[in-house]
Every structure is written in C-alpha cells, then in structure tokens.
Amino acid sequence: MSYLKGLLSSCLVLASLMSLVKAVPISIDKTKVKLPEETVKESPQNVDTGLHYDRYLREVIDFLEKDQHFREKLHNTDMEDIKQGKLAKELDFVSHHVRTKLDELKRQEVSRLRTLIKAKQDIEGGNDIAVDHQALLKQFEYLNHMNPHTFEVEDLDRLIKSATKDLENYDKERHEEFKRYEMMKEHERREHLKTLDEEGRRKEEEHYEEMKKKHADHPKVNHPGSKDQLKEVWEEADGLDPEDFDPKTFFNLHDTNGDGFFDEQELESLFTKELEKIYDPTNEEDDMVEMEEERLRMREHVMNEVDFNKDRLVSLDEFLVATKKKEFLEPDSWETLEQNQEYTEEEMREFEEHLARQEEDLNLKAADLQKQREDLERQQEQLNAQKVELQQAVEHMERFKTQKDPPLLEIQRVEGNAVPESLGHDQPPVPPEHQPLPPGHQDIPLEQQQQDAPQNQQDLGQERQNVPQENQPLPPGHDSPPHDGHDSPQMPLDHNNVP
C-alpha cells in the first residue's frame, strides 16, 4: 500500500508545479508571483493530481486501504512485485463490501468516460454518426473496458501501471514546460532589446547583469537532505538545540500525517529554509516560478538518494540508513538553477525558429480570416441591395393595384360594359384629344383625314337625305307629346295655320 500512497503523493506534487507554471502568464512579472497559502496548506485528499482519472484512482486506493487482508499483503509485498502484477490475485480475498464498492466505482467511471466521448462527439458535430464506444474506450488504458461491470485483478494492474507511466511522463513534461518558460523569458528580453536604440540597449543590458549578480549573492545553500540542512531545520523551524539533533526524532516531528513515511510533500516542506536564502518574492531579481522548480529539484535529488525501493516514499528505516552514509555527513555543494542553465544556445535557436513559424502561421490565418470577413461583408451588401429592390418592387405592385386605369375604363364604356361605381369615383375627366377613337378610326394620318374631309361631308349629307321622314327631327315647337301608354288618334296637321 505504501507504493500506491507514494504514487498518489507524486501526482499531487507534480500537479502543483504544473498548475502554477501554466497559471502564470508569460507577460507578467514572475518576480511578483506568490504561491497562495491555501495551495500550501491544502491536504492531499483535496488536491487534484492532474490525472484525468484522479477521482477514480483516489477512491480505489481509499477502499483498498479499508480491507485489512489486502492492506497487510501490500505492506509485505515488494514494489517491483506490485508493478509486475504478483499482488493481483490477492484482490480475490478482499471483503464482499469492498469488492462490491470497487465494482460500483468502475461502472461509474465507465459511464463517465462514455459521457465524455458523447460530449466530444456532440462538440465535433457528429450527432448523426454511430459511436463505437468499445473502440474509443481502448484509449483509456487504466481499466479493462471489455468488462465494464466488475472490478477485477486486471483493473488494479492497469491502474497501477498507468499511474506509474503517467507520473514518469509528468516528470518529463514538467521539465520541458519549465525549459520552455525560461526560453520564452529570454526570447522576450531579446525582442525587447531590438526595440531600443543603442543607448537604451546598453542600459538594459547593464540592468540585466546587475539583477543576475544580486540574485546570485545569497548565503550558502546546504545540500538537500544532508545533516547540515536538516540540523538547520531542527534549529530554526523546530526551535531545538542543534547539538541535540536526533534523526529519528526529526523524522517523527516532520511525519505530519503520522503514517511512518515521508511523502513528497512532506519532503518538500523541509527545503523551505534553503529556498528562502535564494528567493524573496519582494525582489525584482527573484522569480517565484524558478523557486518552485528548485524545490522540486531538491525533492527529486533526495528521493534518488534515500528512496531505495523506489516507491516514492521514504520510510523511517530508509531515512535512518541514509543518515549513516558519507553523503549525509560530508555532502558536495549544491548547485542552484542559476548555476545550471536549463537550455543550450542551440535549443534557444530552435525555440525561436519554432516561434517564428508559429507567428507566420498565425499571420496567414489572420489574413485568411480577414479575407473571409471582407467576402462576407460584400455578400451582405449584395443581400441588402437585393432586399431593397424587392421591397421597392412590392411597394410598386401595391400602388399599381390601388390605382385606376383610365384607358381600361374608356374601353369598357365603348364596349357597353358597366363600370363599377367604385372605379368611377374621383377619376379626372379625360381631354378630348386623349379620348379613344371609335373602332376603325384609330391611327389615321392627319393628311388622309384632311383629304377625306369633303368626301365625308358629302357622305354625311347623303345619309341625312336617306333618313326616313318619321325619323327626321321636328322643328322647334313640334316635339311629339308625351305618351301616356295609350294609343291616341293622330290629329291632321293644318299647314295653313302654320305661321
């Protein structure tokens, strides 16, 4: 069980640094960064390891610790045997309650992974694509996806191996992240110098060298884990007489959870006094991100020297054995970060070339996005113009429907069609020259009309002579009397009495 606890402790420590480095933007002054107190005081049970299966790992370890038989087997099993899976068969002897709870934890974890897969599919727009959950679950190596219902021996093996491998990757990733951080700082400093004139560059370089000297001017740093370093903690932090230093008493004082081991966080707390000699958050020349990297370097060094079984924990026996070695009594001097540059000039050159390529790609993407924006704006203008044209056409059609057509009304009168009363209102009189001609008289040239005028008058006289007598108009005063509906005898007309 110590190995599993050490595994979890390692996750916590590495996650703390990774979150700090990633949380601090490159553009701000790193010398003013302080670790929040709650980060330091937070218990391991509440700190996220950074692994995407963090909760699952914690809960499995917690429930295995509750089984007495399994806890004893873990305590007596070598770490290498655990890694090789020799402890796996002991899972069959855990209590029914613990086994049932492990089954439930696995079902919950598989359900969580499936939910994540579905959410990712929805984000990528694949709602209509069938999802092969079994194929996608293969990427999660820390559990046996072929059996999503029960927690078996293979699941424990997978969990241990995956966590071990991920921790090793975390170590590498953490070092690479810090190296990139340091190179970015130097890159920004060089780019800033390019913006200055000769006098400005000279002053900036002088200030930079001055800050480096001030940072390097600090008291001697004791070798981490050495007698001198621990005695200093004994005296200054514990308030005890350095002449009374006792390794066993020291171990018990700083085993804060009383489990008989130094985990990685408990070890790191022993280096605070040494780090305070080098770093002060109020000083411009001191970088707090570098301080945390220095702390982890010290912890890794002590673990390499003292953790003999490589379970990521230091037991009391391991600690007492280490205090008897020459390295504990007469250690070499400790070289700090400023004495060991994290990168070479070749790495710096490659890093800047990579940044240049990234900037070029970003510029190309920005230009492409700008072009797309301009195209969209032109399309929008065209759509707006079409919209205006359509609105004007609709308004014109509506006005046309409400207006009366005078030529149409005249044609209806000529043909003898009744004109609706509603169409006759408010129509202005049509001038004679604009009135329609009778059928057969349209579009006659003026010269032909003048030539035909005498003939028309003769024809008109002839027509008048041929009118029947009864249809000829009466002289004035001889109009026919009104009829009352009865036939009345015709009175003879006395022409002698006509004046």
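Residue 1 is the first one shown; counting continues down the chain.
Here the Cβ of each residue, glycine as well, is placed from N, Cα and C on the backbone.
Quantities reported herein were computed from a predicted structural model and do not represent experimental measurements.
So that you can see what the record holds, here are the features copied from TrEMBL:
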- 189-212: compositional bias 'Basic and acidic residues' (COMPBIAS)
- 428-439: compositional bias 'Pro residues' (COMPBIAS)
- 448-460: compositional bias 'Low complexity' (COMPBIAS)
- 463-472: compositional bias 'Polar residues' (COMPBIAS)
- 242-277: domain 'EF-hand' (DOMAIN)
- 189-226: region 'Disordered' (REGION)
- 361-380: region 'Disordered' (REGION)
- 396-499: region 'Disordered' (REGION)
- 1-23: signal peptide (SIGNAL)
Close approaches to the region 'Disordered' (361-380) from elsewhere in its chain (Cβ under 8 angstroms; 6 or more beyond its ends): none
Structural state census, the compositional bias 'Basic and acidic residues' (189-212) (DSSP three-state): 21 helix, 0 strand, 3 coil
I'd like to know the mean pLDDT over the domain 'EF-hand' (242-277). 93
The correct DSSP tally for the domain 'EF-hand' (242-277) reads 23 helix, 2 strand, 11 coil
